[in-house]
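Colleague: Sharing a structure with you now.
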């Protein structure tokens, strides 16, 4: 009797065991591929970070020594500049006010001195004159207690020009007693050199060039001093004429009285 071949199927558990290695191999293949991709992506990210850091270093090196202002810094600087501009206006106003006080002091002293040397003071009694002089001296003393000083900023050339101009005026003043009329004429030429208007008389060209070399504030002070000197001379001329007139009138009265007595 022929023999039959009996194929015996493997147990299910063994089939699973036999198929297990095949499935594990596929999973390992897929896992290895994912890991390689992750490593590659990490390397790319690290490279990008290194490139960015390198570029940042290059930019920092290029910006060394530069001052970059933010918008807030610009606003702050603008506010500070505006405050300084306002303070500059107040400083100039202060200097102008102090200069005005300084001029007022000079005018007051000049007026007090003019009253003391006026012709009216000579035509009152000795007692009244003494009392008025005491009052004038008291006012002059109180005026002198006010000290105002506005300094002028000068360069060496302006300083030298001011000294030269002051020396010329002082020399003319020293000639008042010797030749008042000639000194007055010289002062007029000096004053014309300081005037911006068309002068009525001759102009001292040398003095004009010296004054131009002075600071602007010094030019104004020189002009004011010449004006004061000319006013004093004018007042002196009036006082002298009044004195001569009173003397002439007195002599004429005495002569008339003498003639009437003779008659």
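In case you wondered, yes, glycine gets a Cβ from its N, Cα and C as well.
Since we're looking at a predicted model, the values are computed, not measured.
Straight out of TrEMBL:
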COMPBIAS  1-13  compositional bias 'Basic residues'
REGION    1-31  region 'Disordered'
COMPBIAS  14-27  compositional bias 'Basic and acidic residues'
COILED    46-111  coiled coil
DOMAIN    161-241  domain 'BAG'
COILED    216-246  coiled coil
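How about a rundown of where these features are and what they're close to?
Modeller: Here the coiled coil (46-111) has a mean pLDDT of 83 out of 100.
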Colleague: Summarise the domain 'BAG' (161-241) as counts of helix, strand and coil residues per DSSP.
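Modeller: The composition, in the requested order, is 62 helix, 0 strand, 19 coil.
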